[in-house]
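Colleague: Per TrEMBL, the features are:
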- 97-239: domain 'Nrap protein' (DOMAIN)
- 245-376: domain 'Nrap protein' (DOMAIN)
- 381-542: domain 'Nrap protein' (DOMAIN)
- 576-772: domain 'Nrap protein' (DOMAIN)
- 775-927: domain 'Nrap protein' (DOMAIN)
- 930-1060: domain 'Nrap protein' (DOMAIN)
Amino acid sequence: MQTGLQITETLKEVSISAKRQKEIDSFLHSLHDELLKIPDSSNEPLNSLSWLPPEVCLPFVCTPLKVKGNMQYFPPSDIQVIGSYQLQTCLKEGANVDLLLKIPKACMQAKDHLNQRYFRKRAAYLAHVGYYMSMNNLVSEVKFCYFTDDTLKPIVCITPSGSLCKFLTVKIHACPDEDSIKHARLHPLKSNVRKTWYDGIKCAEADERSLAPTPHYNSAILADLLMDSHLQHLHTTLKDCHGYIDAIKLLKVWLRQRELDQGYGSFSGFLISMVVALLSSLNKINKAMSSYQVVRNTFQYLATTDWSLKGGEWQNCDYVNVFHDHYEVVFIDPCGKLNLCANMSTLLYHQVRHEAELSLKALDFSQSGFNAVFMQSVPFLQKFDYLFQISKASAFQNACDKLDISDRVMDHGSNCITSSLPSIGRVLIKGLGDRIHLLGIKPHKYKAWKINDSPPTWKKTESNVTFGILLNASHAFDVLNKGPSADSEEAKSFREFWGDCSDLRRFKDGSICEAVFWKGEDASARRNIPLRVCKHILSRHCNISPSSFSFAATQLDMFLSFPLKPLKNGVTIGYNGTGEERSSEIMLAYNNLCEDLRSLKSLPLSITNLQGISPVLRFTEVIPPSCCQPNGKNPTISVNEEQIQVPVPDKSCPNFYPPIEVLCHMEGSGKWPQDVDALQRLKAAFHIAMADELKSNNEEIVCMPYQTYVDVLKDGYVFRVCVAYHREIGVLQTQKNKDGMVKIRNTSQSLALEKQTVYLPHLSSTIHGLCQKIPSYGLTCRLAKRWISSHLLSRQISTEAIELLVAFLFTDPQPYTVPSSAQSGFLRFLHLLATYDFASNSVIVDVNGSLTDEEKETITSHVSKHRDTLPAMCIMTPKDKMRSLWTSSGPSKLILRRLKDLAKIYQSLLEGKLFSTYMELKPVFTPSMTAYDVLIHLKSQWLPRRHESVSQVQNSMSSKHRAIADVTFDLRILPVVNFDPVQMYLDELEKSFSELAMFFYDSYGGSVIGVLWRVPEFQPKPFKISSVSGKMLNSEGKVVPNVEAIIEDFKTMGKGLVHSLDIRPDKWNI
């Protein structure tokens, strides 16, 4: 029932209204009359066409220039409305009406099918029409464009004047009568472009007899001749069948949302209409079916058939094998003469099949299936993990020369792009092999042009040919391509394909095989292997140089890098690659610590569970901590026989070493106290006992116990171990009133402890498992956190909330597949922030699929009922179905609105620069400071994380560093842990002025704090003793903020840390 309502509303939204149809019909009648008034022309040779006025240029690139035959314009013998408007399947957005002008027989001559004569006559006929229509008051603009981006087929595009100008485009086609050229002459095996004419070289008579077939040229002519026949067939199929008509509209929406109906060789609305007609003729659908049933059956057919192997056909065709020999994809028309997919590549066709399969699965999800299939856009840039363009047109010409396909170039009207793409696609698929699930393509397009301009040549595309790679995460980054056995017949072809990259290798099983090894020192380098494969095979087989490529794949990785950098004090910070190896190193140290803790014998209670809760232990920390390197140059103090470094005001801030938090759960016992203070003292005793035994068991370990935790320096990393007792939450919830009555209720302390000891460990475990399963998840999380922090919002939204938002994209990826690269994951993250309706809907994150549909429905109902009391951004999990625990402290509605605005702006910016270098992408991670009322600039020497900023990372990459010195480190010294003066300063500012202002900062090396006044608090208010902090009396005796005093407090509180303040009084008034 719900799906039926969605279909009805969608069809209402995309269909042309009856009122608008009347306007269009009226315009078409007037246009019909005006077209018949166009005067005749004189009879001139096709070479000269001197009767064309100088104000119009022939919309055809004449290569070669000379051709036989004459041309004279006569009014069309008939004018028909064809296409989707006539069939009532036209969509409202970007509405096109197709008009077909029948070229009279008097304009045609014998042998017009040879040597491009037909196409040049057609272009001249339309040029004459376009010129006279440009002077008509009915139209506001006349342009030429290539029909389906085929350079052989220009058409006239008319924009009406008046109210229809922003709504409608009329496309005028021209073709002769169906019987004007014998169909037998347009068989795929026939040759209709003579080499002697095309090359200008005279061939021997024997060579003339062995003419190269021109299947694409022939199909282009035949498609024109059969236009009327195909329209009649569709009209008969769709007559009085609203289910078919509505289904075609939905399928067109589906194609448009996925950009599959754009560019050369696209899967057009006409093709999908013919597919529906085919299914009807095969009795796979019938007129009693609803539009939804027709759509499902169409998806089923597309997903389960393969036209690249066995063509779709209405009836048995005698020469179907001939079609397969000359075309990549075969879909034979009802007449059995024309391949409707003559221009389609297998790459795009398999993309359609893949989308149909995904859509079929999505429709099985009752809650979101319809929206995912029809309402959500699936941009090419977001769908694929890796993208690359061939940005130089000369590369296609080189490919044609290397592949020796001059006959195919002649067949395609000299278009080297369309001629070489089939071979390029086959080479890429063979080379990438099981590294990919799918290789997609976004075909090239051409701009429309003014009638007095020269037509664009095949090189002058509006957009480059773009390839998309959907990675197979299991094998995408394998360093070895194992080939056939050295003594097998396939070994020779393997060596020929890979060239010098292939060599013999002995494997563990004793076999000796051909293999290709791709060097990859770390995970970051291995992520470039698919790109290196593409470069090698296209250079070897297609003569396309690497300089002709533009890649969009791993550029964003640079924002996660932290190149090794030696500091003046001898300490080296940073890591190789993007830090995965550093995180693994920390995880190994954590596992070693857990073994040490479990081996403790002197504790009165045993340890039941150890749980790491820091982001680095779930591989989502933006900058994994550097290994501690105490070298004695920083001052130390002695505490409990341990040496601890301390910060000194006169020197630079010590390096930042965040503690890696570990929860240590102890077993239950009746001897645990039920008093809060006693419980804290007992936990402190456990920390002391742990520290003592750890030191006694291993002299290399440094331990420093505190009341609430114990810091342990293990393998160069500081771990902060906290004892947890599962009943402590209940103790904090138990309160006695004056009468001695006991009440159980939540307190701020109990909620915080529950979050820390119950929810966070569960979340950490879940996220860690997701990272292990999908490595790209961790990279995407880190990029998302980096971006949010770079725009000074790191204190406004928790790191756990960001991880859950990214997890939502990975666990519920519809209408996509799970992203296998950080690039696609990050683009989808920005799109989610920009478009998701957080005000009405919650984000339900079910990583392990444990929630039933009924439970999800219950959560949705609860959020709808209690929306006013829940956070602005609701993120629900199986462990937290009602409260949205991770967003309870933010973001607020104001911050969420800013997040959405920023995401929308920077998504557009990133997509426009996706094929750019690091420096060109840097603005995506650069904040705008114009929105803030006050900017607090900080002294760099007291910024312990200054080296982690985006600008500093870029400088580290481009500058030459001093050689890393061989310094001896004293691993018995505990470094300054978690010391960040900026965060302490921010805590004080928020504690003192949170009612008057909001504070924004980039936690990863930011040097500026942005201050935004809370505007409602600046309204004059009555005097109250309880609210005079930071206030003063105005002339009316009311209380207003004392801005000058507040700003002075900013300076005073940040003495030694604050460099200067940039005050912007023009942005606010008191």
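Using the three backbone atoms N, Cα and C, a Cβ is placed for every residue, glycine included.
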Colleague: If you average pLDDT over the domain 'Nrap protein' (245-376), what do you get?
Modeller: 91
Colleague: Are the domain 'Nrap protein' (775-927) and the domain 'Nrap protein' (381-542) close enough that 3 or more Cβ pairs fall under 8 Å, when only pairs 6 or more apart in sequence count?
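Modeller: Result for the domain 'Nrap protein' (381-542) with the domain 'Nrap protein' (775-927) is yes.
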Colleague: By DSSP, what is the split of the domain 'Nrap protein' (930-1060) into helix, strand and coil residues?
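Modeller: Per-class counts: 46 helix, 29 strand, 56 coil.
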Colleague: Using DSSP, what's the helix, strand and coil tally for the domain 'Nrap protein' (97-239)?
Modeller: 67 helix, 31 strand, 45 coil
Colleague: Pull the DSSP breakdown for the domain 'Nrap protein' (245-376) and write it out as helix, strand, coil residue counts.
Modeller: 71 helix, 4 strand, 57 coil
